[in-house]
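Q: Just lifted these from TrEMBL, have a look:
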{"type": "TRANSMEM", "residues": "A:49-71", "note": "transmembrane segment"}
{"type": "DOMAIN", "residues": "A:114-312", "note": "domain 'ABC transmembrane type-1'"}
{"type": "TRANSMEM", "residues": "A:117-142", "note": "transmembrane segment"}
{"type": "TRANSMEM", "residues": "A:149-173", "note": "transmembrane segment"}
{"type": "TRANSMEM", "residues": "A:179-200", "note": "transmembrane segment"}
{"type": "TRANSMEM", "residues": "A:242-267", "note": "transmembrane segment"}
{"type": "TRANSMEM", "residues": "A:290-312", "note": "transmembrane segment"}
Amino acid sequence: MSEPLLTESEPPGTIDETVVVHGTSAEPRWKKLPLIWQLRRSVGLQRGMLVAGLALCVFFILLAVFAPLIAPYSYNQLSGPDGNFPRQAPPSAEFLWGTTVGGYDVFSRVVWGARTALLVVVVAIVGSLFLGVLLGLVSGYLGGWLDRVLVTIADAIYAFPSLLLAIVLSIVISGGRASFLGGILAAGLSITVVFVPQYFRVVRAETVRLKAEPFVESARVIGTSTPRILGRHVLRNATRSLPLILTLNASEAILTLAGLGFLGFGINPTAGAEWGYDLNRAISDVASGIWWTGVFPGAAIVLLVLGVTLVGESLNDLSDPRLRIRRRVKGVLITSPPEPVTEGAPT
Amino acid sequence: MSAVVEIKDLHVTFATDGDPVTAVDGVSLQVQPGEVLAIVGESGSGKTVTAKTILRLLPETATVDGAVILAGNDVVTLGAAQLRRVRGRDVAMVFQEPSAALNPVYPVGWQIAEGLRAHGTVSKKDARRQAIEVLDRVGIPDAQTRVDQYPHQFSGGQKQRIVIAMALVLGPKVIVADEPTTALDVTVQAEILDLLRRVRDEFGSSIVLITHNMGVVADLADRVAVMYRGKLVEQAGALELFARPQHPYTRALLAAVPRLQAHTSEPDGGPAAATAATGSEVLPVVTAEELEVVYPGRFGRSGFRAVNRVSLQIAPGEVLGLVGESGSGKTTIGRAIAGLTPATGGTLRVLGHEMVGFRERAFRPLRARLGFVFQDPATSFNPLLTIGDCVAEPLLVHGRFPDVNAARDRVHELLDAVHLPTQYAGRYPHELSGGQRQRASLARALALDPELLIADEPTSALDVSVQAKVLEVFAELQERLGFATLFISHDLAVVAMVADRVGVLYRGELVEEGTSDQVLGAPAHPYTQRLLASVPVPDPVAQKERRLALAELKG
């Protein structure tokens, strides 16, 4: 085999479609981070969706972080230096989007509401993510009766209407109404319970698939301990679809929170601003032609959910090699093949 | 006589996430009526893309330039409706994996008739009659009743016959066969090759045969086109190409093909002979007696007996080759020895530890003395770890080094031993080619200086030239380090190259065992004889003789 023609004649490995590999060893680490990697790779409609979704999300995050600076009044402020705020006042220079039946400034409530919504999303996702991933890994890898019991419980939770479950939990946790933090925790945790089975199922399915992969078997042959196999070999490869569920769940969390608030199980208006509660209070206004109390919180919910869903959907398309759009070769054909590569392989 | 297919200056480029890749670069080919044209080349040479262009079966990301004239039409510029008319009637395709090419929820007769329905109206009765006729002609016994059966009721070879029948039913001028025998066992392969030969003779169709197996080419092809990195490097009649290859690449390719007869084990035999000479007091690394492995059945069904009363021994430093067709239980034996599949009956002692009913915790320390090389280099590495991390993994797990940095010197030493540049330690598995990955896999398996290596089809996913390199590295290390090896392969020629002793498995039973000269030179068991006779050799003249000999053997 001294024939030099043959020794390196193979093309670089074609990548198994089931494994997402972000970049190559030659690229700096930050370029391989999720979102940034996808943003750099995406083209056309998928890029448009991703950019639009990210822009909406960033907008709401900024709104939440800088709420005290942006909002002219506090979320529970009913009076200014000139006395009490008018009730159901139409939009004006003083009250940009008018006031509610309770006398709150709509604009300030909507801005502060972003903070509540995002906090609930964070609490709900962090909780369900850790619990769901851990249970999914252990259950999928070990199998046996533990696996069967956990799967049954997850299925049972699926059978409940998620909003009903959230209501029950919010009553259990905070007696229905609560302070800002209590309300957020109640809403977040009740959403957590609904979402844990989703993460559990996804991670479990991935783990079951990975368990039979040769690289996990090779770790077993080497004599690797189970925790090390799970942590080093399975976990990192099982999380590829998590950013997707994460974003889709985030939008569902926002909707569940709004639903809770709308039904009156949310956060007390004096404890925090919450779009669902505001919508509930706006019901009676609709008939009397007062549009501003309902439209703005409603639009805020729609836009935030839309932004998060756009990010999720485009991540979904980008993570699937069969759906991912590539830049087409324009007209001119490249006459000589690219160097017989051992450097960066095409994904 | 005008050509059925004429490919003129074909270029195909694929858009990828990275730079566009030119898969076919200026290929011009002709297929004459009634001719078998073999396109050979290694993976990535563009042979499949070239052949699929005849049907324009290319993904959306492809850009095609050039002309493919098929029966007077340029396939490259045809509209969708015209293209549909051409497909099936003028050109048909036989796919590599017969079980994937058939729809599992329809009877095979329906699927054959599907082609007829796509090209004009046929009555149900007529379609059925034609389906039975064509099934009969491709050698499906009892076609009258079997036409109503579903794909899973047929064996792999029969399924491939049905796929060929589907291709034949409209009497196409050209059949494109993409690796039609790669997924099949050698004995079945020989039958399918016979069938394809008959298809050419009886139906008069031309065949474009895509393959990487030079033996198949020698058996079937009239003319051979050799492709290398998207270019056509040589084109010649089969006899001439094998006798006088012109291009250096073709010569190298032919030289790399392992040949059954070419077994040249030194008579002194290296470490194996040495241990044999010192007498029988040396404990064998693996002893199996009446070993049974039964996979549990579902819901009251009896289990599947994958390995049935197999007795074998592997002495220290010895290479035992295990050959057999798919389902013969060879991989199961390897996995049972490595503790990946539980052995259920008999006794199996590995490094002095009983594996029947073993506990992972008790066996774990012994794993340091055992290495395993997996079949598919693409999936046997954690895609998120670098090659260096992967090779260092066994060293860290068994506490030889505290962390990856401390193990770096040893990792470099190992990569060096398998002839990989040490800077590859920083690369990710997908940045290496299949052969390089398989060598890295060998480095990982040998990291702890094991006494026993289990190699499960280590080269079957590789091209011949790359396979030669991997086998060379393996033989060199085996000689130097003297580890015992269980070498599992379906390829008799590969086993002949590396093994001291060979065991032949057939349906879970060890039908023959002996030194490799003995088993491969003068096989005693009829199955071994048939297996040996079925392997096509890369020489058209010799292969013709072997073909006749095989026909005689079958009677």
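Backbone N, Cα and C define each Cβ position, glycine as well.
Note that TrEMBL annotation is computational and uncurated.
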Q: Would the transmembrane segment (A:290-312) count as touching the transmembrane segment (A:179-200), i.e. at least 3 C-beta pairs under 8 angstroms with sequence separation of 6+?
A: no
Q: For the transmembrane segment (A:117-142), find every same-chain residue at least 6 residues outside the stretch whose CB is under 8 Å from a CB in it, and list them.
A: 60-61, 64, 150-151, 184-185, 187-189, 191-193, 195-208, 211, 226, 229-230, 234-235, 238-239, 242, 246, 249-250, 253-254, 257-258, 274-275, 304
Q: If we skip the immediate neighbours and take only residues 6+ beyond the ends of the transmembrane segment (A:290-312), which ones have a Cβ under 8 Å from one of its Cβ atoms?
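A: Same-chain contacts beyond the flanks: 49-50, 52-57, 59-60, 88, 90-91, 97-98, 100-101, 106-107, 109-110, 113-114, 117, 244, 246-248, 250-251, 254-255, 258, 275-276, 278-279, 281-283.
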Q: By Cβ distance under 8 Å, which residues at least 6 away from the ends of the transmembrane segment (A:149-173) in the same chain are close to it?
A: 135, 139, 182, 185-187, 189-191, 193-194, 196-197, 200-201, 204, 256, 259-260, 263, 265-266
